[in-house]
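What Swiss-Prot records for this protein:
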- 7-266: domain 'Protein kinase' (DOMAIN)
- 13, 14, 15, 16, 17, 18, 19, 20, 21, 36: ATP binding site (BINDING)
- 135: active site, proton acceptor (ACT_SITE)
- 281-354: compositional bias 'Low complexity' (COMPBIAS)
- 370-389: compositional bias 'Low complexity' (COMPBIAS)
- 402-425: compositional bias 'Polar residues' (COMPBIAS)
């Protein structure tokens, strides 16, 4: 166990590429905490945007003290090794809300109302602070304990930010299945985007699955355009009215925050109480009006990990919404903050258990990342006196109203400016060489021909740039998908034929495991999902080979599923089997077999093993998110490619040798 200040780090309960979360406890009080350990140097080196998100998370959590919001109690760092910071956070033993929904399948309307009231009260507090969350989903809602009536708490503020209620943002963030349509379409959006996410969460509580479910952004956009959601008839009319009001694609028609808080079904304004985790009752109105001077004082000690002005660190003195119950609900949560920013991927980067000689409050860490941006606070762009002026990276991320020229328009988000369309003419970039005047005068006719050729070339370049822009946008959308979804788009899967080959390679692994239905079925499903992702709305336009293979493996899947015993229908009986791990292990095994065949000069067989292994690794490369995992798979792919090229070359040489030998023999 490792000691950090007055806290002991015990069991690791979550990890990611840049941070880990430990179960910990206070040496003085023995209270449990979740301690998030962040490698800020590695984080900044990898992506400056992630550094900003960490700053926002700490800045926002510092401002918040509420029953229905996960608390940040302290931020520490080691004096001798400032590489890491330690975020001392509230520990929630009940896990995340998605696990609760999966366990209970569909919630009763009464239980859904119980949780929705708590979510609404937490969001009402955020609205009072002018904070938009931007990544609301069940995985980011935590439960205080495993009791019948746990307290729901909003967590993971990595994407959250302070925002003017009427300002627009064009930052693309959040989880697509819970993301508002205006964000998916990369349009400017307001605080109403969170209301869509609330509607999807409420729908999932009552129905057991998200209103729109897809493995790719294009398909999700298609569903939003064509699919109409239907609610079970047993849901009350008031509840149905709220869901339909929240899930309005047109932002103007979507319910407002004020109307949401005052909605008849939620009934937040009455004095009805609902039970808490201890079996007691607490009033809805008390949630937002409890004061606790001790917790408020704790917040004043919390500072930012990365080069932040500390002039306004006492902004919390204006916070009159603190809660008395926070310290009474700190329990060990093996899932707490597991979905926090940068904590979604498996990474064994941290293994150092040495105790530091000294730990102190991180009032001014020795980092100077993006220092120029921190000076923007001197500008008087913000007309809203309620928004803190000390927010880090204030204007380079469009936090609130600033001069129009400082806000990048969404239409030029990924657009190259080397050629810009200005009406009927094409204006060259001012730094282009073609802007220079020529000293030799050409004949008029020759000049006209030359100008026409240049215009044609410029138009072609412009079309290519527009196509590249669309491809980049599509790729960016897909990479933001949740890790448990298969990421399939035109950038990653180069062609229908390549998808077909990858799917068949996975399906053939299933063929080898037909005697183990619990392993065969997941592999078939994976292969069918892969093929289906490339079948257009009109299947008749697909190659016969593609459709026939899809149909054949679907038939095999149904046959195995229907003829096997009931255990195959309950994956919990064989939960240790991981299709992706099985694919990874077999890819490496194919590499070994290919190498053996290559040693014996069996080049055709060796090439087949290398090809199958490459296809499996390409599939894994298309779904993996963790940077370390990506690097490992990339190295294997490069090694397979090298051996494949050598095998092909040796195979051609061996064939030529045989031909030459036969030719000599014939001549003699």
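Cβ atoms here come from the backbone N, Cα and C positions, even for glycine.
For residue 13 (ATP binding site) paired with the residue listed as 'active site, proton acceptor', the C-alpha to C-alpha distance reads 22 Å.
For the pair formed by residue 19 (ATP binding site) and residue 135 (active site, proton acceptor), distance between Cα atoms is given as 19 Å, rounded to the nearest Å. In this structure, the C-alpha atom of residue 135 (active site, proton acceptor) lies 20 angstrom from that of residue 21 (ATP binding site). For residue 21 (ATP binding site), other Cβ atoms within 10 Å of its Cβ number 27. Most Cβ neighbours within 10 Å among the binding-site residues 13, 19: this distinction goes to 19.
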